[in-house]
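*Asks:* Please find one structure pasted underneath; my questions will follow.
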Amino acid sequence: MSHTAGQAYLNTRVSVMSIRLFSPELRVSLSQLSLPALAERFGLSALLDEQPSIAARSRAIEQSLIQVLLTELQVLAHPMSPAERALLLAWGRQYALFNLKALIRGKLYALDQEAIRANLFELPGSIRLPLPELLRAENVLELLRQLENGPYHQIARQAREVYERQREPFALEAAIDQRYYTEIVRRAMGFHHQHLDSLRRLIGAELDRVALLWLLRFRFSYRLSPSETYYQLVPSMRRLTRERLLHLVNLDTFEQVIAALPPRLRTLLAECQTISEVQQRIGHHTRREARGVLARSQSAVARALAYLMLRESDLMRLFAVVQGRLLQFPEQAIEAALDLTEPSGNPVNTTRR
Amino acid sequence: MKHVRLLVLTEDLPQASLALAETRCFHPDTRPPTETRLDTLPGREYCEIFNQAKSRLDKIARLVPLDTASAIDAMRVVEVAELSALNDWLGRLWGEASGYEEDFRRLDDEERLVKEQQTALENFAHLNIDLGMLRTKTRFLDFYVGLVPRENLRQLEGATGLAKHILHVYMQQGDTAHVVIVGPPGARQSQLAAVLAAAGFQNLPIPRELDREPAALQQDLARRLLDIEAQRQSLRKTLEGWGEPFHDTLLAARHTLMLAEPLVTLDPSLRSAGQLAHLAGWVPVSAVAHLEQRLRASLHHPFDLTSRDPLPDERRLVPTMPVTNPLLAPFAMLVNQYGIPAYGEIDPTPLFAVTFLLMFGSMFGDVGQGAVIAGTAWSFRDRLGRFWPFGLMAGLSSMVFGLLFGSLFGYEHILPALWMSPLSDPLLMLSIALGWGVVFLTVACLLAIYNRLAIGNRADALLGHHGVVNLIFYLSLIAGSLRVARGDGFGSVPAALIASSLLTLGWQSWRHQQASIGEKILVVFIETLETVVGYVSNTLSFLRVAAFSLNHVALSIAVFTLAGMMGDFGHVLTVILGNVFVLVLEGGIVMIQVMRLQYYEGFSRYFSGDGHLFAPLRFRPLNH
């Protein structure tokens, strides 16, 4: 297949698949659906299964939604060129890294294999970690050393070096997250201008979101120093560039940071008082940017990635509703949770212990 | 092949697995039983423990080499308690052994650091500052000299700037950057330390007495490298000494794991309910009685063994017995490159072997060159493994045809031809090749028909690709063509048969289409055309068999023409090099052409190749 034909095919595929994205009405009305209605509408048979516990049902649903997302990723990656496929897989690796973090935590807290396995996702071969071998590793160091002999060697090496020096889960997970985003940026910057503009817009918006949230959390929740905070961030190629971040991390209050943001983000986040509000608004903004790329971009790979990001957001929103229903939360609580929904495998979920 | 179902008491499972492995005739079937109550996985815990223990033994064996595993001598059941105890012991042992591994890694890191220092030393010499001051912190300045991964450099530069420090890169080598970080001492030092740790910064000690001669410093570093190597040797000896007392116990542990492995291999096939365990598999018909006898002799409690023929819808699940004949084994390897014969399908290996040798010999007939091929295969039989008989037989076939053609290293007049030189009657050669093609394609169609009948697919045997109707068309076309060649005209019978067979095929295609009439007509027309063109071109494809035998002689003539233009030495050299050229280049091309005829004209007609090999449960040597 020629390059032009390949792009046309991929663009058509993305357009056909994009009708699966939730409509604005559905996103709003999702929280009002009952469990049987959710099961019927989205084919979530596991919801109605006689699972032994709510946790098991919730886990089965999460696994099936991730399966849906990653199957679509594979379908889109199939006709792509190696560089395009590598970018999509680099993005999809967040779920493998989620597994890696579960493994590391399990080893740190000396959980048995069965307990660790209960927290792992089944992933397709293209991004899967060698779980049986990693599960049998005796400790975190051995686990990371084993991972150094494969496609995750860079992340594993960096994580091991950090762990050897600091022996602290937060630093380890932060290093893993940082390398994850750095790898995406590296892959994206390898494209020529036809794709680069759209990718810069899409990934730049995502990195703006991630960098700002990390900055606010690290500086004002975890009280890290400016230099420590800056080191953990991944500069965006759009608004929160390296220079901008160097300036922002040096500010002492939440309000000062918001006031010093680039005009577009400052206007967007002007009235925010908490990190949660920032998370909610910038999340909407990132989705809007992704929708813009999906609707108007000429780059098939950028459109495919935008579709996957939006699809992930939809599926995680659906999962939040399912979980809320399973736990019998009131509708208001579910709606509040929906505004803060982030993909489960998203490294932003790294928390300091 | 029979499908066997075995019901045993759960406590007898380890013993049953040993008996099954011993007979080497049980290929596990991983499908769950139809009885939904048999839903427990009785071997799961055993499997987990085994895998952990094997992983630990593998890791230990990296440090304490073990002898190659021998065959199982004493058969005994390995209970889960024994396996668990072994796993715990191996875990403790690995805990100790991993300390040595870490020591080796530490020495590797030290060695790398010294080498980096050696490289940096020359660089220091060019810096226009007093490097002696970099060794110690001063009242006003704080220094860090060291290495950092290049990928972290840019981010670290920003972070050090925020901590009021300056980062200077004075050298980059591979993935590592050598940096000097300078800044004021004070509160920000602790912030910087955290950043440096996160960035993988590695302190590079600046040698004392830096003002000494560089050569002397380099000698110091070289001595340190020697010292590290000595430490490594000493560590190896210590490790050897540490491992020695465990050597026999580790061999025994490996033996225990070998005995436990059959049950682990069976794990995906095992299901149980209470005390009753179920397993199923495929067993060659001739081995069922032996298997039952062996189980009866081994198991302490009653068991139930039932066997039945494979059901029609299980055909793809039934394994195929591999070729065991050593002469056919290399040909089976080539057949398996295309696919494994499915159960019930005729194994094409014997036919492949015969036709391959016939075609290769006729296309590359030369006594001398054949002898070189055969001799080379014989000489390198150790390296070629099971493949050497292939080379030997190909060479012998080439020699036989060389005798028929009277060809010896391209010389056509030394040996009297038992038949004739191909170039003496090219038309006869081409006619024989064409006839061979007709026979080959006819046999291929007959095999396709048989394979379909064997699985009860009568419709495809009759009307499918290369089925009976296709064969009638093809043979009628050949008969008509032969009549035309003899000047008798095409003949009404062949014409009528061709017309009726094409009409039948067209009607069959029409029935299976769901499209508009126009589209149906178009598809039927194209398919009919494809059938006619396909059979004609496939038959003509066999002309290459004659073409290459002619080509072989022609190439030899070219070599001798060139040699004739040289002096004595040049003549001999040209003949030798020419023969090498013919052997390598033409031999390779002929091999590819024969494989092409086999795969494309033969296998694509009658061989599905979608089976899987019979892989019986057996004891496997666990080498590391």
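Placement of Cβ uses the backbone N, Cα and C atoms for every residue, glycine included.
When I checked TrEMBL for this same protein, it listed these features:
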TRANSMEM  B:351-375  transmembrane segment
TRANSMEM  B:387-408  transmembrane segment
TRANSMEM  B:428-450  transmembrane segment
TRANSMEM  B:462-484  transmembrane segment
TRANSMEM  B:490-510  transmembrane segment
TRANSMEM  B:545-566  transmembrane segment
TRANSMEM  B:572-595  transmembrane segment
*Asks:* Between the transmembrane segment (B:490-510) and the transmembrane segment (B:428-450), do 3 or more CB pairs sit under 8 angstroms, pairs being 6 or more residues apart?
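*Replies:* By the criterion, they do not touch.
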*Asks:* Under 8 Å, at least 3 Cβ pairs, sequence separation 6 or more: does that hold for the transmembrane segment (B:351-375) versus the transmembrane segment (B:572-595)?
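*Replies:* The answer is yes, given that the two segments have at least 3 Cβ pairs within the 8 Å cut-off.
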*Asks:* Taking the transmembrane segment (B:490-510) as the reference, which of B:387-408, B:462-484, B:545-566, B:572-595 gives the largest number of Cβ pairs under 8 angstroms?
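*Replies:* The listed stretch sharing the most Cβ pairs with the transmembrane segment (B:490-510) is B:462-484.
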*Asks:* By Cβ distance under 8 Å, which residues at least 6 away from the ends of the transmembrane segment (B:462-484) in the same chain are close to it?
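*Replies:* Apart from its flanks, the transmembrane segment (B:462-484) reaches 438, 441-442, 444-446, 448-449, 452, 490-491, 493-495, 497-498, 501-502, 504-505, 508, 531-532, 535-536, 539, 605-606.
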